[in-house]
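Written below as structure tokens is the structure these notes are about.
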Amino acid sequence: MENQSFDFSSELTLDPFVIPPGGKYPIFFLGISICIFGISCNLTLLALIILNRNLHKPMYFILFSLPLNDLIGLSAMLPKVLSDIVTETHKIDYHLCVLQAFLLHMYGGGILFILAAMSFDRYVAICMPLCYSSVMTPRFISCIIVLVWGLDFVLIVSLFSLQARLPRCKHVVMNVFCDNPSLLKLTCGNTTVNNIMGLFNTAVIQVVSVSIQAYSYVKILIACVVTRKSETKAKAVNTCVAQLVILFMFEVVATFTILSHRFKNVSVDMQKIMGMLIFTVPPLLNPIVYGLYTNEIRSTLLRVLKNRVSM
């Protein structure tokens, strides 16, 4: 029996939402509508950046990573949750569970690193406009993008590699999707090192991301106060407000979710809902916010739509 408990190929059971009678299909159709809308918006943003030469600029090469990251977060979680609601199976293979958790944590760290890279780009563009082309070269932009994804990958791999050393003696995942805290609850070994590594990784991601963004936006704010050019101020507002809105929105939801796993008096259903919001709200709002606050994206989209209508 003990060897069966440690069988890594065994099937896991996800802890479902308690859905009232008659609510299964309305919730499913609402969820599938959200999923299709989010995927469509992010694919549209990716297509605009790829197909329109006026968006082939350093800022948008870095921005390209944001909808790509959003697609990872949205597609790794929501389709599986919706499928479980309809089929009422709530089963997942252990290896797929680890893969889902890995992708979701990659998404969480990725969004913060990407926003940090974008804030640095805006800092150079607004505070050092004459040096922008010499600083933000294609080679340097490539290094930034590789560093963003590479650092995120290394941190998450180091976190999940510690899972392999622990025996698993439970098969019920106390969540509607898989994440690192839920996987740790399946083990019967000492998880102190895992918890420390999880907090360390979270601290590194937060400190690096927030420090870069705080420095960049303080410098941008000072530049806006000093300069008398209204055009510079408008440029700063249009390009920075979107990033600040996304950062604030993500930090509030993510902070609550992380803390909810540390306190036992938080409702389990509330943990599930807040956890899902991390992977659904930013992918839904990111392309909309950037479409509203970024003039070039908005004008490019309107021009494309106008050309389609005229055809």
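Using the three backbone atoms N, Cα and C, a Cβ is placed for every residue, glycine included.
Per TrEMBL, domain 'G-protein coupled receptors family 1 profile' is recorded for 41-290.
The transmembrane segment annotation in TrEMBL covers 27-51 (among others).
For the transmembrane segment (58-78), the residues of the chain that approach it from at least six positions outside its boundaries are 31, 34-35, 38-39, 41-43, 45-46, 49-50, 100, 103-104, 106-108, 110-111, 114-115, 117-118, 121-122, 125, 132, 136, 141, 144-145, 148-149, 177, 239, 276, 278-280, 282-283, 286-287, 290, 296-297, judged by C-beta separation under 8 angstroms. Annotation source TrEMBL lists transmembrane segment at 58-78 (among others).
According to TrEMBL, the transmembrane segment annotation covers 98-120 (among others). Non-local neighbours of the transmembrane segment (98-120) in the same chain are 59, 62-63, 65-66, 69-70, 72-73, 76-77, 80, 92, 144-145, 147-149, 151-153, 155-156, 159-160, 163, 177-180, 182-183, 201, 205-206, 208-210, 212-213, 216-217, 240, 243, 246-247, 250, 254, 278-279, 282; each lies 6+ residues outside the stretch with a CB under 8 Å from one of its CB atoms.
The transmembrane segment annotation in TrEMBL covers 140-162 (among others).
Annotation comment: TrEMBL describes 203-227 (among others) as transmembrane segment.
For the transmembrane segment (239-261), same-chain residues at least 6 beyond its ends with a Cβ under 8 Å from one of its own Cβ atoms are 59, 108, 111-112, 115, 118-119, 122, 125-126, 181, 202, 213, 217, 220, 270-271, 274-275, 277-278, 281-282, 285-286, 289-290, 292-294. Feature annotation from TrEMBL assigns transmembrane segment to 239-261 (among others).
If one looks beyond the transmembrane segment (273-293) by at least 6 residues along the same chain, the residues whose Cβ comes under 8 Å of a Cβ in the stretch are 34, 37-38, 41-42, 44-45, 63, 66-67, 70-71, 73-74, 76-78, 81, 104, 107-108, 111, 175-177, 179, 238-239, 241-242, 245-246, 249-250, 253-254, 256-257, 260, 301. TrEMBL lists 273-293 (among others) with the feature transmembrane segment.
Per-residue pLDDT, averaged over the domain 'G-protein coupled receptors family 1 profile' (41-290), rounds to 86.
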